[in-house]
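This report concerns only the one structure given below.
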């Protein structure tokens with residue numbers, strides 16, 4: 001990790017405390033296994049594959065939490081430059097605008113500034129991954145029927161963070177010397193969602209050209 005990146009990350013500019021896995025649990029072991037593959041420099045396409053004998057939902061749950069932590073951190077590094085003034089619309093270039101909708105305040109898709117959208121997004125994901133009914137932490141507690149639909153929604157919304165950061169704030173990422181780290185995180189995320197078919201192809205459209213260059 002570059003010195004500049006370490007400095008930024010050490011400021012702990014994430015919005016939220018990181019969600020951690022309890023030592024001794026199956027998820028913690030899976031998390032360690034996933035990290036070991038990455039640290040061993042394994043091809044990311046191989047690293048995302050389900051290890052033999054493991055449950056797919058467990059593997060997916062571990063990665064969703066990990067991606068939430070990492071992407072939250074990436075956004076934290078540029079959040080000073082993503083303001084109501086600089087980004088009055090949550091967008092990915094002129095062609096793509098993302099509107100927020102939830103079960104509470106925003107019943108209809110609503111245009112918001114990027115920082116407002118990001119705050120609501122991270123809050124919403126945090127509620128989902130901390131909900132024992134959706135992401136059970138006890139071994140043997142089954143995942144609910146709506147687990148994968150919720151996961152798909154979380155991941156497609158996290159993808160929008162990449163879209164906004166790459167299209168509107170990549171100069172900042174480059175200034176900090178952290179583009180290699182962000183690119184690796186993106187490739188890991190992309191290979192994972194493709195491996196388990198977790199994001200619709202049309203959602204991936206805004207970064208299609210960049211992805212075809214980066215992810216062969």
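Each residue's number is its place along the chain shown, starting with 1.
Each residue, glycine too, has its Cβ placed from N, Cα and C.
For residue 82 (Zn(2+) binding site), the same-chain residues lying six or more positions away in sequence with a CB closer than 8 A to its CB are 75, 114, 115, 118, 164, 168, 169. Residues or ranges marked as Zn(2+) binding site in TrEMBL: 82, 87, 164, 169.
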For residue 87 (Zn(2+) binding site), what residues in its own chain, 6 or more apart in sequence, show a Cβ-Cβ distance under 8 Å? 113, 114, 115, 164, 168
Applying the rule Cβ within 8 Å of the centroid of the Cβ atoms of 82, 87, 164, 169, what extra residues of the same chain belong around the Zn(2+) site? 78, 81, 86, 114, 115, 118, 165, 168
